[in-house]
């Protein structure tokens, strides 16, 4: 267990071009490499400068065009006139004793999302949001309490990554990306894939697809589209229950889908990508943590190449759910392992700053308890 300590909340005001008066500039992170090359040619500049600019953003961690010292002064002035590197502000930065850091990012239109940097030994992982809010309605999760406003652009997703990277010392680099922040990533597949295309590229963050995980409640058509994209990202399916009756209570979107179609789509993704599947299961005390639940879960996973990530519930103020007892957790694990299921109980990180699984939220106001 992690010893809980009071939250350290550090208000951070960051001035960006998006805050200035006058016409809003183009968000540079929304522009593809080809679009940037075309723009450079229109400005009378060489197209190869596009990769130089990318390297400054992702490897050089530049936050202004003036820092891009190997670019001609005229080009730096042109970039400054037309583009903003960042299009949002850091409203609040919170840091926990275990090294986890969370940023509340305020977007140009006033929307807010949260993203997290997790430190675990040599690993430097980031948890990134894909939507402002979430429409999936999982009853125990903070992210969907206020519904969903809109999808994030690829640039807004990349901006979260860069802001989290800036929290690292110069001799450290990001190692893993998990699309497990606010929102349903597969409900914003174009934005997510465009951001990850940059994140995995050599002139981007250079992170292998094998170190990138996309989480989903299980949207079969979108899972098939992800498979068709042909990039072997890790897929994590949020299951949370071993039968349709209970899952439909906890994950309302299941009423329109059902567990079996989700499992079949996950199987298709496994065969297309060659990547072992991960299933996520938030363990709720007295609700889905019983011996029979564990046995049913073992049955539906039998014969599948999977890793089962079990996450003891991280409390959300105002919601009527609790973390299971130590005895219930131990029994649940024992039943899964005795059935041959590869199981990992996720270590709690960042819960003291509401940065743990299921705690990310855009509105920290009063929570109305759900039934």
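Here the Cβ of each residue, glycine as well, is placed from N, Cα and C on the backbone.
Taken from Swiss-Prot, the feature active site, proton acceptor covers 114, and the record attributes it to sequence analysis. Positions annotated as domain 'Radical SAM core' by Swiss-Prot: 120-346. Annotation source Swiss-Prot lists disulfide bond at 127-357, citing sequence analysis. Annotation comment: Swiss-Prot describes 134, 138, 141 as [4Fe-4S] cluster binding site, evidence class sequence analysis. Swiss-Prot lists 183, 184, 215, 238, 239, 240, 314 with the feature S-adenosyl-L-methionine binding site. Swiss-Prot lists 357 with the feature active site, S-methylcysteine intermediate.
What Swiss-Prot annotates, mapped onto the structure for a quick look.
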residue : record                               : contacts (Cβ under 8 Å, 6+ apart)
134     : [4Fe-4S] cluster binding site        : 141, 143, 144, 147, 148, 182, 183, 184
215     : S-adenosyl-L-methionine binding site : 178, 179, 180, 185, 236, 237, 238, 280
239     : S-adenosyl-L-methionine binding site : 218, 247, 259, 262, 279, 280, 281, 297
240     : S-adenosyl-L-methionine binding site : 138, 247, 250, 251, 280, 281, 282, 288
Mind checking which of 238, 314 has the fewest other CB atoms within 10 A of its CB? They're the binding-site residues.
314
Judged by the number of other CB atoms within 10 angstroms, which among 138, 141 is the least packed of the binding-site residues?
138
Taking the Cβ of residue 183 (S-adenosyl-L-methionine binding site) as the centre, how many other Cβ atoms fall within a 10 Å radius?
32
Pairwise CA distance, residue 314 (S-adenosyl-L-methionine binding site) versus the residue listed as 'active site, proton acceptor', rounded so that it is a whole Å:
16
Alpha-carbon distance [the residue listed as 'active site, proton acceptor'; residue 127 (disulfide bond)] in Å:
9
